[in-house]
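Participant: Sharing the features that Swiss-Prot gives for it:
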type	residues	note
DOMAIN	125-310	domain 'ATP-grasp'
CARBOHYD	256	N-beta-linked (GlcNAc) arginine
BINDING	281, 283	Mg(2+) binding site
């Protein structure tokens, strides 16, 4: 029996209709895995050994009672076969410390999804720089004058922090907008933090597509998140409407180009964000949209993921 751990935000407060971590737990349970639930505060390191308080867990598709803790124990993390790191951003120093704890278990043979070092190495915004021919024109800077010059060149740009999620603090600055200065000062905290600028992509009106990649293999369907009511952002957390779709030829090309790098880095479950034919983000911390896609198309993304985990465990 496979012993699967999961590190996540409190399960009591999730929305099971759209929670991808919950979908993973349902599939793992269906396969007979022993489930061990952890929150960040449960992880600890003692004399170099990674340990945790874990609670054994059962889950069910029931909107009134979707989980039950069936036991509690303190154990060495390397006694688990695999651990899903599904804590949502912010990707802060606490998150980084947790990856070091998980890495100690990884060194003793536990499979961590996604690989702790790669979670640290691959910032969701900056990692796109390694595939710059696939992205919009992109500037990463703290410098207000550089941001202004970029805006003057493109006349319609998107500004965003490097550590946000769900569309938080994303600004569109059009030609003639008097607010560029204050937005730049806010995002860079007066020149002390980096932010990202990209030229605005009109294709956003047709959706910001979330393309999932499982151990290097693209999932053939994506979720297009379409901005509503004059909003620039398609993120579901920002009120976007989700529309599952098959991948386009350009989606396939982008995902197949990046897939081998993701697989080599131990990034087993990743969400690419694509607008039109341009890559905008590579989400590695806790990508979502499984449930929306599975509800519309005859595919088990969680099945693909568990197959990939089992294949890696057999190596």
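Using N, Cα and C of the backbone, Cβ positions are placed for all residues, glycine too.
Remember, it's a predicted structure, so these values are computed and weren't measured experimentally.
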Participant: Take every residue in the domain 'ATP-grasp' (125-310), average their pLDDT values, and give the whole-number result.
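Facilitator: Over the domain 'ATP-grasp' (125-310), the predicted model scores a mean pLDDT of 96.
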Participant: Around the Cβ of the residue listed as 'N-beta-linked (GlcNAc) arginine', how many other Cβ atoms lie within 10 Å? Please give the count over every shown protein chain.
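Facilitator: Taking all protein chains shown, the residue listed as 'N-beta-linked (GlcNAc) arginine' has 13 Cβ neighbours within 10 Å.
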Participant: If one measures from the C-alpha of residue 283 (Mg(2+) binding site) to the C-alpha of the residue listed as 'N-beta-linked (GlcNAc) arginine', what distance in angstrom results, rounded to a whole number?
Facilitator: 16
Participant: Going by DSSP, give the three-state secondary structure for residue 256 (N-beta-linked (GlcNAc) arginine).
Facilitator: helix
Participant: Which whole-number value in Å describes the distance between the Cα atoms of the residue listed as 'N-beta-linked (GlcNAc) arginine' and residue 281 (Mg(2+) binding site)?
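Facilitator: A Cα-Cα distance of 15 Å.
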